[in-house]
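Sequence annotations record features per position, and here TrEMBL assigns region 'Disordered' to 1-22. Annotation comment: TrEMBL describes 42-83, 90-131, 134-174 as repeat 'WD'.
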Amino acid sequence: QVCGEDEVECSDKDEPDVDADVSSDCPTIRVPLTSLKSHQSLKSHQGVVIAADWLVGGKQVVTASWDRTANLFDVETAELVPTAELVHALTGHDQELTHCCTHPTQRLVVTSSRDTTFRLWDFRDPSIHSVNVFQGHTDTVTSAVFTVGDNVVSGSDDRTVKVWDLRNMRSPIATIRTDSAINRINVCVSQKIIALPHDNRQVRLFDLSGVRLARLPRSSRQGHRRMVCCSAWSESEDHPMCNLFTCGFDRQAIGWNINIPALLQE
């Protein structure tokens, strides 16, 4: 973790000058390879795009928006034209979407929304595109993510995280109750650990059965000073010093070194 005693609270006056000269050592890309937008005959997003994820295979991308829809784009068409083709518009949520996530090995997508639900979209059969609606929360579902096997983990502003089995989604197989709203969660698939970022600046770690493993430091010299908005595990062995990253409204992204074997042994 990089955090110094001379660290000061940021203000709007500290924003960098976007027009300042960029260092010659830092390459700048100004033209995108592909634009994900629809053709004139199809409706593209009409609001903020809040999340995006690749489907397995890397040929299609799903995007989630505040316009209450998710879009599935075919990026391969961008080899012929600079605009990716909109394949499906996923409609049905009653309020703004908050997140989207794809299954690592199957053509499955899960979207979460402020309407207190999350939806599972199935694209495994090209002729059938089924959708299932899951109502397990009482407030905004801030994120829902796939994890090992057939499990989905959802987090909510109702201060709960729930673990679901896709084979029986009538009720969660585990429920984690906390004292603060939960933002964009992430699961360490190899170790089955959930990182929970909270509104109250806390970051907590739980296993998939709902057992609390740890709470990350939150002192004046460590941790976030404002709401923690998301977490992301790094399961690559290339950078063993940091295996969990969090970012917050304090404009910090913090890398943590979590001793997972010791954590699980305790």
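Cβ coordinates are placed from backbone N, Cα and C, and glycine is handled just like the others.
Residues 47, 50-56, 62-72, 137-146, 152, 154, 156, 158, 166, 169, 184, 189 of the same chain lie 6+ residues outside the repeat 'WD' (90-131) yet bring a C-beta within less than 8 angstroms of a C-beta in it. Taken through DSSP, the repeat 'WD' (134-174) splits into 0 helix, 21 strand, 20 coil. The average pLDDT the prediction assigns to the repeat 'WD' (90-131) is 92.
With DSSP classes pooled into helix, strand and coil, the tally for the repeat 'WD' (90-131) is 0 helix, 25 strand, 17 coil.
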